[in-house]
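Remarks on the structure that follows.
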2 protein chains.
Amino acid sequence: MGLLSDISADSPFSLDNIPFGVFSIKQDPTPRCATAIGEFALDLRALSQSGFFQDASVADALSQATLNTFAGLPAKTRTAARDQIISACKDGQIPDSCLHKLAEVKMHLPVAIPEYTDFFCSLEHCTNCMPITNSKIPENFYHAPSAYNGRASSVIPSPSLVRRPRGVYWKAGTKEPTYGLSQFIDFELEMGYVVSKPVPYGETIKVDDAPDHVFGFVLLNDWSSRDIQIFEMPPLGPFNSKSFGTTISPWIITLDALKAFQCAPKHSTHPLEHLRFKDFEHGTFNIKLAASLERDGKRHQICTSNLRYLYWTPYQQITHHASANCGLRTGDLMGTGTVSGDGKDEKTGKKFELGCLFEATQHASQPIALEGGGKLGYLEDGDSVILSAWCEDSTGRRVLGFGECRGKLVGPDAPIS
Amino acid sequence: MGLLSDISADSPFSLDNIPFGVFSIKQDPTPRCATAIGEFALDLRALSQSGFFQDASVADALSQATLNTFAGLPAKTRTAARDQIISACKDGQIPDSCLHKLAEVKMHLPVAIPEYTDFFCSLEHCTNCMPITNSKIPENFYHAPSAYNGRASSVIPSPSLVRRPRGVYWKAGTKEPTYGLSQFIDFELEMGYVVSKPVPYGETIKVDDAPDHVFGFVLLNDWSSRDIQIFEMPPLGPFNSKSFGTTISPWIITLDALKAFQCAPKHSTHPLEHLRFKDFEHGTFNIKLAASLERDGKRHQICTSNLRYLYWTPYQQITHHASANCGLRTGDLMGTGTVSGDGKDEKTGKKFELGCLFEATQHASQPIALEGGGKLGYLEDGDSVILSAWCEDSTGRRVLGFGECRGKLVGPDAPIS
C-alpha cells in the first residue's frame, strides 16, 4: 500500500477536494503544478510526464510552471482530469515517487495573475464601517457590485511576510499631512477566485454563464493601511493603502469540489437585468470562514463568517466586471471584498462576524482584550494573521478545507524573502 | 542613396527622435520591434539579425515581439543602441530592405503591459471639474499625487475602435438605477509613460532616481463614461467607467529624445520629503498637447495643453506609487491624468486648455459649436478623437513629434477587429 492509503477523514485535502497549486522543493526549485491529498503534495508534472493523462492538453498544461494553461482548458477537460486523479488515488495507482510531504514543499502563486480586482459587496461590512467615518451606505451599493482595480504585483502566496509600509496620511486628529510609517495596519477576511475561460476585450458575459469563467476559490487577506486609506480615498478610492501586500492561500479549490456546497445567498435581492442569476438556490457557496491572530506564540480567533453572506455573489461580481467590455484573462484574480455577517454572541450581544479590525475594534477605539492579557487594536510588527475556510456536511463535520492563508506583519526594513 | 537620405525636417520622427514601437506587416503578421524614421518604420528585428548591434543583449532584446526586454536593459545600453541607429542613418548604413512605409504597417502595443495606473494630477483639471458635480478640491490633492489602478486588458494601440459600453447609471435627473447604453462618452487628453527598470515588491525608490525607471512617453486617451462614472465613483473611485478602452499612441518617445525638452513644472510646490525632486529646473518636460475631433470627415481642434502644467510631475507620480511597496514591473503603464491648463482666448475670454468634454462642455450643458454647423456635447458613435503631441525648439519650430493617438467610438455591437 502506498503513502495515500491512509488519508485522514479530517484532512482538509480529502479525495473530495483535489485542489490545484504550484510548489517547488529544495532539491529542484523549478515550480511545478500539484494537487494536495492528505498530508502530501502530488507532483502533477511528474505524473504528467509518466504518461498518466491520456489527454495531451492536460499533460501539457500540468507540465507548466503555473496553472494558467490548465485553468484555461474547457471545464469538462479539467473535471475529467480531476476525476482521473481521484480514481487513481482510490485504486492505489499513484506512485509514491510523485508525492512530497506538504510540510516540506515551498508553495508559489498558483497562477500568474494578469490583473487583480477587489470588490466591496458585504452589506454587513458596509453597514458596520460607514458610521465609523461618519459616512452613509453609498446609494449605488444596492444596485451593482462595487469594486476597484487592485495591484497584482503585490499579490503573494501564503505564508508571506508583509512589510509595514510608509505613506502619506493625516497626523492623528489633524489635517496636517505626514509621510511616515503607517500606524494602522489591518487585515481583511476575504475570498478570492480565479478566472478560467477568458472574455475577449469588447465582449460581455451573461450572469447565468458566469460559472464557466471561474476556476476556483482561495482565501485572500487584503492587508490594509487605514491611515493611508483615509487620506487617499477621496475621490479615487483605495490605492497605496491596499498595495503593500495581498496574501492568498496557495491551493485553488475548484468549482467541482465546491458543487456540493452551492446554496442560495443570504440576501434576497432584486437586481437589474444583467445580474439576475436564474438558479438562485445555487447562486453562491456555503463556505465557512475564520480569521485568527497569532501573537507571542498564542493564537486568538478574531472572527468567523460565511461566503454566502455577500450581498453580491461572485457570479454577479464577475458579470458586472465584464459588462464594461474590459475583457478578462485566464488567471485574473477577483477578491470578494471583506465578508462580514451580523451574528451576535447570545450572552454578551457582541457581534463576532466582523471581517476586519476597523470594524471589530471601531478603528482601534475599542480594542479587543486578548485571552491571557494584552489588547488588539491594529496589528503590531510580528503579528501573524491566519485565515481559514472549510465546508461542512449536513452533520456539521468539516469535509473540505482550503488550507491556511497566513501572513506575518514585519517591520519596514525587515527581510522578506 | 537609400530611402532615408531625404527625411523631411518637419517629420515628427526626425533623427532627433528615434521612438520605439512594434509593428507587423501583412506578409508576415509576427510583431517585431522597430523605430520610426521619417515616413518609414525601421525593422529592428531584421537589423539585429543582420548583426548590426555589437551588444548581444540589444540584438536579443530587439528580436522579441515586444519591447519589454529592451526597456528592461540598463539606460546606458539603450542610449548606446539609439546612438548607433542615429549614426547609421546619417552614414547611409541602413539597408533599404529593413524599411517599410509607416502607412503600410500595422502597429501593436509596444510593450506587454503588466499593470496600468492612472493619475489625477492636474490642478486646473481638478479645479474645473469639481464645481460641475458640486464637489470641492479634495484636501489630499496638494499633498500627494492621486491615482487609481486602471485595467491593463483594455489598453489598446492607436488607431483603435472603441465600443460604446453598457453599464449601470442613474437615469437622467433621478436616483433610479438603469442598466443600458452609456449616454455620456468622453475622451481625456493624457500622456502615458512606461516603466523601464523594475522595482521589486517590498522596495521603494528615491524621487531623484525616478528617471532611471522611465523608458519613455506616449499619448493616452482615457476614454470615460461619465454617467457610469458618476454612478460608481463613491466610495471606491472609477472602475467600469474607465475600462472599456484606453488608447495609446504606438511609438514610445524615449527620455533620451526628450532630454532637450526638460523644464521646470508650471507649479512651484513644497512637497513632502519623499517627493522633493532636487533638479527642479529639469523636473518635467515641455511637451505640447492637442486634442481634435473628427466628425463626418471634418476635423475640429478641441483643446491644447502642455505636460508641464501638471501639479505633480511624472517623476513624483511614479515615486509616490512605488512608495507603497507594491513593486513596479518593466512595461507597467502610467497615465498622467488629464492635462488641463488655464489658457484663455484673448478676445472671447474662453478657456481653451480643457482636456476633456466634461470640462469643455460643462457636462454637456454648454455644447461646443462646431465650425460648419453641428454641436459637440459628448461623443457620438462614429466620432474619432485624435490626440497629438510635439516639442518645439526655441524658435517655435516643431522638432519632435509623438505621432497620432487616434480612436473611433463605434456602436455597442460594431465589429472592432
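Glycine is no exception: its Cβ is also placed from the backbone N, Cα and C atoms.
A:His125 (active site, proton acceptor) carries a helical DSSP state (H, G or I). Summarising the environment of A:His125 (active site, proton acceptor), the number of other Cβ atoms within 10 Å of its Cβ, over all protein chains shown, is 28. Per TrEMBL, active site, proton acceptor is recorded for A:His125.
Annotation source TrEMBL lists Ca(2+) binding site at A:Asp118, A:Glu188, A:Glu190, A:Asp222. Under the three-state DSSP scheme, A:Glu190 (Ca(2+) binding site) falls in the strand class.
Secondary structure at A:Thr338 (substrate binding site), taken from DSSP and collapsed to helix, strand or coil, is coil. Cβ contacts within 10 Å of A:Thr338 (substrate binding site), excluding its own Cβ and spanning all protein chains shown: 30. Marked as substrate binding site by TrEMBL: A:Phe120, A:Gln229, A:Thr338.
The Mg(2+) binding site annotation in TrEMBL covers A:Asp222, A:Lys242, A:Thr246. The Cβ of A:Thr246 (Mg(2+) binding site) has 30 neighbouring Cβ atoms from other residues within 10 Å, across all protein chains displayed.
The domain 'Fumarylacetoacetase N-terminal' feature in TrEMBL is assigned to A:17-110.
Among the features that TrEMBL reports, domain 'Fumarylacetoacetase-like C-terminal' is placed at A:117-405.
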Among A:Phe120, A:Gln229, A:Thr338, the record's substrate binders - longest CA distance, Å: 15
Rounded to the nearest Å - Cα separation of A:Phe120 (substrate binding site) and A:Lys242 (Mg(2+) binding site): 13
Neighbourhood of A:Gln229 (substrate binding site) by C-beta distance under 8 A, where only residues 6 or more apart in the same chain count: A:Pro238, A:Ser241, A:Lys242
Nearest of the recorded positions (A:His125, A:Thr246, A:Thr338) to A:Glu188 (Ca(2+) binding site), judged by Cα-Cα distance: A:Thr338
Among A:Asp118, A:Phe120, A:Asp222, A:Gln229, A:Thr246, A:Thr338 (the binding-site residues), residues with Cβ under 8 Å to chain B, listed in sequence order: A:Phe120
For the domain 'Fumarylacetoacetase N-terminal' (A:17-110), the number of residues DSSP places in helix, strand and coil: 38 helix, 25 strand, 31 coil
Position of peak Cβ density within 10 Å, selected from the binding-site residues A:Asp118, A:Glu188, A:Glu190, A:Asp222: A:Glu190
